[in-house]
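A.B. asks: I have a structure I would like to understand better, so I am pasting it below and will then ask my questions one at a time.
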Amino acid sequence: MKRLTWFALAFTLIATGFAAKTPYQAVLQHSRIRGRSHGPNVCAMQNIQGSDKKYFTNCKQWYHRKICGKPTVVTYECCPGYEKVTGEKGCPAALPLVNIYKTLGVIGATTTKMYSERANLQEEIEGPGSFTFFAPSNEAWEILDALVSNVNIELLNALHYHMINKRLTSDDLKHGASFPSMYQDLNVHIQHYSNGVVTVNCARLVKTDQHATNGIVHVVDRVITAITNNVNSLIDTDDDLDTLRTAVAAAGLTSLLENEGSYTIFAPTNEAFEKIPPETLTRILGDPLALKDLLNYHILKSLHCSESIVAGTPMETLQGTVLEVGCDGEEMTINGKAIVTQRDKLGTNGVIHYINELLIPDSAKTLMELAEGSVVTTASKLFKDAGLTDHLIGSEAVTLLAPLNDAFKDKSLAMTPDMKKLLRNHILKERFSSKNLYHGQELETLGGVKLRVFVFRNSLCIENACIAADDKNGRFANMFIINKLLTPPMGTVMDVLKADDRFSTLVGIIQRAGLTELLNKKGTYTFFAPTNAAFSAMPPADLNKLMSNVSCVTICVRKADVQLFPFQRNTTVYVNRVPVVEADLMATNGVVHAVDVIVKPLRKP
């Protein structure tokens, strides 16, 4: 049935003979298909609950029934250019083709129509010509009482800025295009986004392609104002961006923000800089490379008005990494946080959104800053307590192996000499990238221990700990987040067994069987080692036979009870249905897993 539904949808697209030329036309066509059961020329609209915002719908929004994280209600309305006829289904009639002045009344932009009359624009938009009018909706005028109460000439200038002296359909409104307005030829700036949203000077087109005898009308959701300054000038003239202005000049980014481009700048206010610890801010402001990375992390490579955001989307910054720009209802969010305080301050080469928190990229952070506020805060505190802070805040090129917080559950966090020694072995002497590690590589720690790298099909491990997340690449050093507290090798497999009282019975059996030399040899083995409890659970007769007969011990140990395998990480907690009670006791020639039941080979069926 699902296949048939998709086939029917595809067939409808073909049958209509309509190939969407633009993203806007694609969502309009989808809305037509969703509304066709309600009659001809009916479009399905998604209305965000609790607001008057409506959108034509795409597939994703249709099935999720959410925009900006908020539930939507589907309504059915006449598609652009059509109207209802009493007693008939759907919207069978085309809107009357009249001049722009009358069209404003037909499509419900009655406030713009009234102000056109007040500003003595009526005669112009009733007369001959071919105009494009971006007409503010009635709701858009409600927040601009000051403008409309001024003298008519100012209102006329404002309305002329909403007009272009040629007919432009939604297909002509290409992403990044600019057109001279009828007010001093000052440009209006078009953005046509991949999700179907179209904006002019960051005002969203809510009704498009309303044809008139002397042009075309597009209804927009706000009154637009003339744009004359680039984004650098906007920053220069705003006292709330004093610190940002100083930082931009120090990083040598002034010319970038003055030149042609199409940027989005998340501009941290003075308040945002004041929230940063003074020592951190001083360090970054005094480090040209870190400062440039910091500022570039606030600049997107493309222009995104707030109205273009309908869901969380990763967007690339000039720094090279991404920010997730999204929305939560009316709030614009960055990395899931509603920190945008002012939106859509548009310049000739970009748009500025004000934020009240500084965004610091990993590439501008010390190791300590990378660790704090993350999933390795327990490790961060322990490194401090162990007296290793200087290695984590300085400019040493090292690599920190930071265990997840969960790795310390049920473990003592007392700062003993052994714990200090262990933590020193979590800092590598060189700066590594996990992408360059290879199987069998040895990595030297600050404690002088050499740790081995093991590469498996689905994991990359250093001794007993596997890397659990992407690298954190700081200003001078890198951090690998690992899934457990790292245990350096304690000697050979035999040394590991001798050092643990749980294996005293096993050690005696191995010595009787003459296997000591084998377990001290160089190699790579996995040893599932029975504990004393495993032997105690054996029938007495079997245990006595094993302990008293050396030849039998040799045969039993080699063939059944003690199993040696080529080294490979066992990702389960069972071996031959026997649970592993403690895993990953590392040795220089392998690894030991403790089991409380004697492991025997599974019989072939």
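Positions of Cβ are set from backbone N, Cα and C atoms, glycine also.
Feature table excerpt (TrEMBL):
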SIGNAL    1-19  signal peptide
DOMAIN    39-93  domain 'EMI'
DOMAIN    94-224  domain 'FAS1'
DOMAIN    228-359  domain 'FAS1'
DOMAIN    363-486  domain 'FAS1'
DOMAIN    490-599  domain 'FAS1'
A.B. asks: Counting by DSSP secondary structure, give me helix, strand and coil numbers for the domain 'FAS1' (228-359).
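C.D. replies: Each residue of the domain 'FAS1' (228-359) counted once, the result is 48 helix, 39 strand, 45 coil.
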A.B. asks: Looking only at the domain 'FAS1' (363-486), how are its residues distributed among DSSP helix, strand and coil?
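C.D. replies: Counting residues by DSSP class gives 36 helix, 30 strand, 58 coil.
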A.B. asks: Take every residue in the domain 'FAS1' (228-359), average their pLDDT values, and give the whole-number result.
C.D. replies: 95
